[in-house]
Amino acid sequence: MDAIFLQILNGLDKGGAYALIALGLTLVFGTLGVVNFAHGAIFMVGAFCAVTMEKILTISAKVKDPSVTFFDAYKETPYLELWFGKTGSAIIDWVVPISIIVSIPVMLGLGILMERTLIRYFYKRSHAEQILVTFGLAIVLQELVKTFFGANPIPISAPDIVAGSAAIGSWIGLSDAVVYPWWRLIYLLFSVVIISGVFSFLNFTTYGMVVRAGMADRETVELLGIDIERRFTIVFGLAAVVAGLAGVMYTPILPPDYHQGMDFLVLSFVVVVVGGMGSLRGAVAAGFLLGILQSFSSMTEVKSIIPGIDQIIIYLVAVIILLTRPRGLMGRRGVMEN
Amino acid sequence: MSENKIIRNVSRRTVLKGSALTTGAAIIGATAPMHFIRNAYAADSFRGDPGSGKSIFLGFNVPQTGPYADEGADELRAYKLAVKHLNGEGDGGMLNTMKPNNLKGNGILGKKVEFVTGDTQTKSDAARASAKRMIEKDNVAMITGGSSSGVAVAVQGLCQEMGVIFMAGLTHSNDTTGKDKKRYGFRHFFNAYMSGQALAPVLKDEYGTDRKAYHLTADYTWGWTQEESIKAATENIGWTTVNAVRTPVGAGDFSQYITPVLNSGADVLILNHYGKDMVNSLTQAVQFGLKDKMVNGKKFEIVVPLYSRLMAQGAGDAAKGILGTTNWHWSLSDAGSQAFVKSFGQEYGFPPSQAAHTCYVQTLLYANACEMAGTFAPWEVIKQLEGYEFDGMGNGPTLYRAEDHQCFKDVLVVRGKEKPQSAFDLLEVVKHVPRAQVEYPADMFGGELGPYKV
């Protein structure tokens, strides 16, 4: 029971990450009809917002290290610590939450810039051309990051206060051995909040309703005198913010590197296809479903029956779903079927 | 009639001209291969032969991208330093401490050492392609580098086929000098079996004999052999193995492999991971509270059998108190280590990693063997390296065993330091395990070296 509970939690946590990326991908596809292969790179750029913020907060003074006698070595002490002592250390410790706030305008700006300068010229072009141009854009973004930050992963820590594990087992009457890292619980909560926020925005605001109307029938909305293209630009920016925030929040779980976006891109496309192209609810449901399946397939009991299943489960499920429901779990008729 | 006419028209001069032309053509035809593609036919020709050129080229094939890029960057720094020292620049580093030493600081056999680099990407196919390019296009006499056993085995195989010496970089799998050993491949780095033999007695002293171990293992040649060696060594001291789970290389998030450990009844987690994978799995294991956990009435322990300072740096606080083994550490006080650390530190501002050390030593050993052989012909250089005994290079008296091309030297058991005194002071040496304790029969891991001439 303990093991099953932990794997469900683990799956939800993984699923939260998949769902967040797939949500942005589906949002762009559903509104603009663009297959955005640069979406993974946007997730990676979000993660590097946290890295950049960390670099800024830890700009340091070099002081000679007397403990190294073989050669001239230097200790680096951040100016924030030199100037503000413990307060400075606390600011550095809270780099991830600070980065979340900073990354919102940055990612919104990046998304709008991408849409206005490149993506909009490809609305009426074939999906193959969209894929080529966005894939090229992804490579450009990751090479830029590699040039500035190098190829190696850069560790970023969660604030000390949430660095340990929560004794979640004892809360719900399970064994004391059932513990789960605080930051992963926060990530799960964060993904639920963001997903709810996006759904609420689309369903309960006039702006969101117009966007949905535009998704369903763009021509009619335009005939009503609404500048739908402008709203779609904002939607592209919103998708970039969602992916960027997912990236920032993921940094304490996985040290970011320039290639991280590509690793997640393949997974999130599988999630979108399984959920159904253009279906927001499908993307979220598929994200959590695949996360949970991936966790369970890693259990020793499962692997002893089908060795190596943990490494192929996502693709296996995608094949089965596409054979039985070619439009995915919640796919709509007519999407990418012309 | 017409026949006679033809015969009559052929003069004696024409016959002589024709004979001369035929003889000339025959001579040119017979000697042409010697002139134009001499290396393809002559029995003593070899790839990478600098001929009458003023320089000898070495190929540094290291991971510049991918999960082991940190080690790769440090390897390249060490190679550049070795080239400097071989060419008589800088302070000479280990050239001043190496015994016996035939190097004069004037390149190798009087030729200036130059190098080309390649990116293995920590992928066997990319590493082979990069090595092949350096051999065929850059005419390198020796290939060296790498931070993965999968890559080392693949490149070593290629070098054997092409007749170019491969001085392996960081490779820890038993297979490299075991079932996949090659006449043209040499490894200075220690291996998984040696890690097990060195580590087990320390684990027994520190954690006792009644322990239940859970292995997480990188799913490729190095991980498999390390798991096998550490399992055997820990079971020898009375430990039981609860489970051994294979994880994909570059998995990133290891949470689904770590959560089953919590309820497995195991009280030790052994991470057969290296590089970025080890940083991630160790950090995440600590996030899951494994370091503070009590199981079976004992404190839960994490062990990383193959450790490095770069990994400890990446893992940060998570590495504190964790036991493992290492080939070499910059804090060693012998003259060779100090000379190398001083040169490296002055050049780059921080101490070298174990990967840098092994690559630096390998380059010097190759150069020294060429000097001893008096030629770059690989079969002669190989003969000099086989059974070569040396000292003054950081690990005490060392033997390059002729039967499997594995170096035998002291092994270090280290622990992540609880209170580091500097940014580099991350590991403390717990024990110097003498060479005799980690030796094993040459045929233990099988394999055939293959021919001297290919």
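Glycine is no exception: its Cβ is also placed from the backbone N, Cα and C atoms.
Not measured: the values here are computed from a predicted model.
Positions annotated as transmembrane segment by TrEMBL: A:15-35 (among others).
Taken from TrEMBL, the feature transmembrane segment covers A:42-61 (among others).
According to TrEMBL, the transmembrane segment annotation covers A:91-110 (among others).
Annotation comment: TrEMBL describes A:131-149 (among others) as transmembrane segment. Residues 34-42, 44-45, 48, 51, 114, 118-119, 122, 258-259, 261-262, 265 of the same chain lie 6 or more positions beyond the ends of the transmembrane segment (A:131-149) yet place their CB under 8 Å from a CB of it.
Annotated transmembrane segment per TrEMBL: A:161-180 (among others), in sequence order. Only residues 6 or more beyond the boundaries of the transmembrane segment (A:161-180), in the same chain, are considered here, and those with a CB under 8 A from a CB of the stretch are 1-2, 5-6, 9, 186.
Listed by sequence, the residues of this chain that lie at least six past the ends of the transmembrane segment (A:187-211) yet keep a Cβ under 8 A from its Cβ atoms are 9, 12-13, 16-17, 19-20, 23, 27, 31, 221, 226, 228, 231-232, 234-235, 238, 242, 245-246, 249-250, 253, 280, 284. Taken from TrEMBL, the feature transmembrane segment applies to A:187-211 (among others).
Here the transmembrane segment (A:231-252) has Cβ contacts under 8 Å with residues 17, 20-21, 23-25, 27-28, 31-32, 36, 39, 42-51, 96, 99-100, 103-104, 106-112, 114-116, 119-120, 156-158, 183, 186-187, 190-191, 194, 198, 201, 207, 210-211, 214, 260 of the same chain, all six or more residues outside its ends. As annotated by TrEMBL, transmembrane segment applies to A:231-252 (among others).
What TrEMBL records for A:264-293 (among others) is transmembrane segment.
The transmembrane segment feature in TrEMBL is assigned to A:305-323 (among others).
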The answer for the transmembrane segment (A:42-61), taking Cβ pairs under 8 Å and residues 6+ beyond its ends, is 21, 24, 76-80, 82, 91-92, 95-96, 98-99, 102-103, 106-107, 110-111, 141-142, 145, 149, 154, 156, 239-240, 243-248, 250-251, 256, 258-261, 264
Per the Cβ filter (under 8 Å) with a sequence gap of at least 6 from its ends, the transmembrane segment (A:264-293) is approached by 7-8, 10-23, 25-27, 29-30, 37, 39-41, 43-44, 138, 195, 198-199, 202, 215, 313-315, 317-318, 321-322, 327-332, 335-336
Tertiary contacts of the transmembrane segment (A:15-35), defined by C-beta under 8 angstroms and 6+ residue spacing from its ends, are 42-43, 115, 119, 122-123, 127, 130-131, 134, 187-188, 190-192, 194-195, 198, 211, 214-215, 232, 235-236, 238-240, 242-243, 245-246, 250, 264, 267-269, 271-272, 275, 277-280, 282-284, 286-292
